[in-house]
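Asks: This is the structure I want to talk about, given as structure tokens.
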Amino acid sequence: MPRYDDRYGNTRLYVGRLSSRTRTRDLERLFSRYGRVRDVDMKRDYAFVEFGDPRDADDARHYLDGRDFDGSRITVEFSRGAPRGSRDFDSRGPPPGAGRCFNCGVDGHWARDCTAGDWKNKCYRCGERGHIERNCKNSPKKLRRSGSYSRSPVRSRSPRRRRSPSRSLSRSRSYSRSRSPVRRRERSVEERSRSPKRMDDSLSPRARDRSPVLDDEGSPKIIDGSPPPSPKLQKEVGSDRDGGSPQDNGRNSVVSPVVGAGGDSSKEDRSPVDDDYEPNRTSPRGSESP
């Protein structure tokens, strides 16, 4: 049985598992032993080698497959497809446009060269006309997008409705907490100003030592909202003005009955000063002075 198989007429070989030290000239020198090499397309760790005769390509594949080259065991086999980006199509496969048309399904031309109809308005996924693949309802990408769009409003609405009351409550609580100390301070200041101790403390010690001022009638006079003097203080002020205690004043003011002869002795015994200051000279206990 012959070794050579010319069913596809392929002249392009795939060379894999190349070493990082391998260069294009090294591959060209190795494969040129089996025939004329037309092109060497070197990649990172693999390459494509093209021969001028399919039989030379088959010989190179047979002898070089699994051989150690440049420190690595390479694999050599026929390539499975037409070359990309090459301009010489004489021995590399079918020319451009020789593939299968997506519009009519016939081999030998592309969809842009198809004369069966408007190929731009046909979907390549479902085969129906009137829309393109991007707008196809059967596209898996569109199904995913539609599912995500249908779910997104539900997800976005639920947390907003639940979070809005809590945010308003938290803001109101924060405002109330920040304002509460100020209100307490204002109330404390008002209570202090209303208390009598605040008025007493505002008076200077010099004003406290001063004796109360008397008006024209002899009664103590209130100055600048100061509290009225106690009955004991009024008694002491009256005694100082008369020049002695209430008892001494009563004794010194008594007039002899000889002077008041011809009149009522009970009325003449009292001095005019005693009549004026009789209410003020009453003791706190309610007993009258002699």
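Keep in mind that glycine also has a Cβ here, set from the backbone N, Cα and C atoms.
From a predicted model like this one, the values you see are computed outputs, not experimental measurements.
Sharing the features that Swiss-Prot gives for it:
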- 146-156: compositional bias 'Low complexity' (COMPBIAS)
- 174-186: compositional bias 'Basic residues' (COMPBIAS)
- 187-213: compositional bias 'Basic and acidic residues' (COMPBIAS)
- 233-243: compositional bias 'Basic and acidic residues' (COMPBIAS)
- 246-255: compositional bias 'Polar residues' (COMPBIAS)
- 280-290: compositional bias 'Polar residues' (COMPBIAS)
- 11-81: domain 'RRM' (DOMAIN)
- Ser164: phosphoserine (MOD_RES)
- Ser166: phosphoserine (MOD_RES)
- Ser180: phosphoserine (MOD_RES)
- Ser204: phosphoserine (MOD_RES)
- Ser211: phosphoserine (MOD_RES)
- Ser226: phosphoserine (MOD_RES)
- Ser239: phosphoserine (MOD_RES)
- Ser245: phosphoserine (MOD_RES)
- Ser256: phosphoserine (MOD_RES)
- Ser271: phosphoserine (MOD_RES)
- Ser283: phosphoserine (MOD_RES)
- Ser287: phosphoserine (MOD_RES)
- 135-290: region 'Disordered' (REGION)
- 99-116: zinc finger (ZN_FING)
- 121-138: zinc finger (ZN_FING)
Asks: If you average per-residue pLDDT over the zinc finger (99-116), what number do you get?
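Replies: Per the prediction, mean pLDDT sits at 65 for the zinc finger (99-116).
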Asks: When DSSP states are grouped into helix, strand and coil, how many residues of the domain 'RRM' (11-81) land in each?
Replies: 19 helix, 24 strand, 28 coil
